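K.L.:
The following block contains the structure, expressed as structure tokens.
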Amino acid sequence: RENFICLCNPHLEKMKEDILYHFALGTGTHDFPSLFGDVKFVCVGGSPSRMKSFIAYIAEELGLGTPGSDYPNICAGTDRYAMYKVGPVLSVSHGMGIPSISIMLHELIKLLHHAKCSNITIIRIGTSGGIGLEPGSVVITRQSVDATFKPQFEQVILGKTVIRSTDLDEQLAKELMQCSKEINQFNTVVGNTMCTLDFYEGQGRLDGAICLYNEEEKLRYLKEAYDAGVRNIEMESSVFAAMCNLSGVKAAVVCVTLLNRLEGDQISSSHDVLVEYQQRPQKLVGYFIKKRLAKV
């Protein structure tokens, strides 16, 4: 059964051309079905360089490229986001924080619709701060929760507060967890992910330029988060889950933890260790894609 992208916007039907400004792409200048019609998997992450390294990795894993091949940035006409493609896999950067990823997702969802893509799976791969986990652990998100531990994304639209669900696809999370068990290379858990509006005060850090609470209050809050099922903290998952839900797209969030926030605030691991940690979500999602394509 073909499941196509659902666009929750009747105004788009009246437009002669749709310009995806932040991608430097448009329906009047690009043949979306030809360029993207075969896409089945979309992986998104904060850093352009990380998403370029991911497309090189997945190309090699799928046997679709030669080692050392260069993959052009499809969005080279802008410096907002980067996009790479190999076979049925699209790799897109989304920047940092809810506003940045939401802008990217609006245009990505429209791109997939205009390309007549079907049966799409979108996975955010990234880094996070862990709660009660050893650094390097991978968290597959069950629900994205806000800073008060509610599974919702709250946005003001036309002066009114709109609340949207942040549940993620349960079966997809189970499938990813099974993949991690099969590769058996690092600790992986399924848990809630807290999505915050900033990196410092919003996450209870003590090392920002401004901090008007003490360590005891910080630890009390993080332990409350842990008791609510939260296992990691990042800044994009809530709007990601909400927008994918509204668009009828199966989605997952897979993030590695760079530190245990119950033990400190600053990331102190060496560069080489951090690079290896950041490759773990790529390895898990790469194996998942290979398995889906019957290449395992």
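Glycine is no exception: its Cβ is also placed from the backbone N, Cα and C atoms.
Because TrEMBL annotations are produced automatically, they should be read as predictions rather than curated entries.
As annotated in TrEMBL:
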type	residues	note
BINDING	R80, R124, I125, G126, T127	phosphate binding site
BINDING	Q203, R205	substrate binding site
DOMAIN	40-289	domain 'Nucleoside phosphorylase'
K.L.:
Would you please pick out, from the binding-site residues R80, R124, the one with the fewest other Cβ atoms within 10 Å of its Cβ?
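P.N.:
Comparing Cβ neighbours within 10 Å for the binding-site residues R80, R124, R80 has the fewest.
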K.L.:
Could you check the binding-site residues I125, T127, Q203, R205 and say which one's CB has the fewest neighbouring CB atoms inside 10 Å?
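P.N.:
Selected from the binding-site residues I125, T127, Q203, R205 on minimum Cβ neighbours within 10 Å: R205.
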K.L.:
Counting every protein chain present, what is the number of Cβ atoms, excluding its own, within 10 Å of the Cβ of G126 (phosphate binding site)?
P.N.:
22
K.L.:
Measuring Cα to Cα, how many Å separate R124 (phosphate binding site) from Q203 (substrate binding site)?
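P.N.:
Between the alpha carbons of R124 (phosphate binding site) and Q203 (substrate binding site) there are 20 Å.
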K.L.:
Do me a favour and check the Cα-Cα span between T127 (phosphate binding site) and R205 (substrate binding site); whole Å is fine.
P.N.:
17
K.L.:
For the domain 'Nucleoside phosphorylase' (40-289), provide the mean pLDDT of the predicted model.
P.N.:
97
